[in-house]
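Per Swiss-Prot, the features are:
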TOPO_DOM  1-33  topological domain 'Cytoplasmic'
TRANSMEM  34-54  transmembrane segment
TOPO_DOM  55-76  topological domain 'Lumenal'
TRANSMEM  77-97  transmembrane segment
TOPO_DOM  98-119  topological domain 'Cytoplasmic'
TRANSMEM  120-140  transmembrane segment
TOPO_DOM  141-146  topological domain 'Lumenal'
TRANSMEM  147-167  transmembrane segment
TOPO_DOM  168-246  topological domain 'Cytoplasmic'
TRANSMEM  247-267  transmembrane segment
TOPO_DOM  268-361  topological domain 'Lumenal'
TRANSMEM  362-382  transmembrane segment
TOPO_DOM  383-415  topological domain 'Cytoplasmic'
TRANSMEM  416-434  transmembrane segment
TOPO_DOM  435-440  topological domain 'Lumenal'
TRANSMEM  441-458  transmembrane segment
TOPO_DOM  459-479  topological domain 'Cytoplasmic'
Amino acid sequence: MSSFRVLDLVKPLTGYLPEVIAPERKVPFNQKLMWTGVTLLIFLVMSEIPLYGIVSSESSDPLFWLRMMLASNRGTLMELGISPIVSSGMVFQLLQGTQLLDVNLESKTDRETFQTAQKLFAILLSIGQATVYVLTGIYGRPSDLGVGVCLLLILQLVFAGIIVILLDELLQKGYGLGSGISLFMATNICEQIFWKAFAPTTVNNGRGDEFEGAVVALFHLLSVRKDKRRALVEAFYRQNLPNIFQLLATFIVFFLVVYLQGFRYEIPVRSTRQRGQNGLYPIKLFYTSNTPIMLQSALTSNFFIISQMLFQRFPLNPVVRLFGVWDARPGSAQLFASNGLAYYIQPPLSLTEALLDPIKTVIYVSFVLSVCALFSKTWIEISGTAPRDVAKQFKDQGLVIAGRRETSVYKELKRIIPTAAAFGGASIGALSVACDLLGTLGSGTSILLAVTTIYSYYEIAAKEGGFQKHIVEGFSEAF
């Protein structure tokens, strides 16, 4: 007797959803590079095409805290970014990991239905988010825009969202390298860093016209100032604009994260099926990769968005003010928390600000480290990388820990993995805090996401393309 499952509701819709057909044969590495490049080009073009019908505004961006992480570009076709895909993926992984959704991922049929359900939910999220964005007045008051323009804006956002979903599916099914989510996120972050370093545009922050790009400003100041020492100091430490110190800090963090990627605890294992077969099972320092900092950033960013919306509507309400008081900084229309809970979990905007308010800094650092460690320990239970899951993999593959009895594998893994996950989560949280305090070109979260994604792409390319992986390993060992 077969029982009904929620996933069975999705099966009749499979033929109606847009789909990328899986390749019939293995795609050569050169073609994967080409398709990855084409996918990236489409993303970049969509990031520059403005939405038709919006009323341009210089007001505060309520989604400011999520833009870089979600590969979102305000006022363009990439307004939603990868938000629908990320949200859908996390929801379904949570449902599957907690066994609230009955699915057997070892079954090809179940796996395909599960992926179809994720895609359907991502499309529904695109429709829902697009509708909310338009009706809440992000592009202008709906009454001023009119019904026709509002519908047109929603259609543009939904169409762009579906294109992003299909581009991600194109890479996931083997036509390209990695996933669209990681590729778009890292590209968006690197694009923002490159712009802050080399932007030729000028801005006026009360000191006259200055070049926005840190490197361009350095050469400009050295060429026009007679006092070269003063020009260097200004280029390295100028306020409210990207500077050379921030650029150098970004490079330092980049190489530090690459170096730390090589840190791992190796468990000696042996095969019970083949005599003399020994090996090592590595547990990396970043056992859960960048997931903890993504979840922490998503949590705080959504809290900031809700707090801002409530404060703009009820600025005098004491409960709302307890959550956060929001003001614009000089020379910017963007709102930042100046009091309330939001202020204490908002990263300091500079090292000077962190030193001037040590209580806020201590609270912020403690919050990030503890939340990242907690999310990391929780995520291993959801994602199938907990000690119980790894012990099952060992049993299925006929592996045991060398020098231990077969029955003690789970106990040994339970002693190591949760500790490694929590420590790794706290470590990546500490790196994020360091980025925020040093003022890197981009938030700590975005820098870490970009670096870990670039490193994972290097590993994929090393595996797929066959070029030597020991270059990075040699760099790690050199330290």
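Backbone N, Cα and C atoms are what each Cβ position is placed from, and that goes for glycine too.
Counting residues of the topological domain 'Cytoplasmic' (98-119) by DSSP class, helix then strand then coil, yields 12 helix, 0 strand, 10 coil. Across the topological domain 'Lumenal' (268-361), DSSP classifies residues as 44 helix, 20 strand, 30 coil. The stretch in 77-97, 120-140, 416-434 that contributes the largest number of Cβ pairs under 8 Å to the transmembrane segment (147-167) is 120-140. Same-chain residues lying 6 or more positions outside the transmembrane segment (441-458) and placing a CB less than 8 Å from one of its CB atoms are 68-69, 177-178, 182-183, 185-186, 189-190, 192-193, 196-197, 214, 242, 246-247, 250, 253-254, 257-258, 261, 286, 289-290, 293-294, 296-297, 347, 428, 431-435, 469, 472.
A contact between the transmembrane segment (247-267) and the transmembrane segment (416-434) is present, since 3 or more of their C-beta pairs, 6 or more residues apart, lie under 8 Å. Remote same-chain partners of the topological domain 'Lumenal' (435-440), defined as residues 6 or more beyond its termini with a Cβ less than 8 Å from a stretch Cβ, comprise 245-246, 249-250, 252-253, 347-351, 354, 447-448. Within the same chain, residues 5-7, 10-11, 13-14, 17, 88-89, 92, 165, 169, 382 sit at least 6 positions outside the topological domain 'Cytoplasmic' (98-119) and bring their C-beta atoms closer than 8 Å to a C-beta of that stretch. Confidence over the topological domain 'Lumenal' (141-146), given as mean pLDDT on the 0 to 100 scale, stands at 85. According to DSSP, the secondary structure content of the topological domain 'Cytoplasmic' (383-415) in residues is 22 helix, 3 strand, 8 coil.
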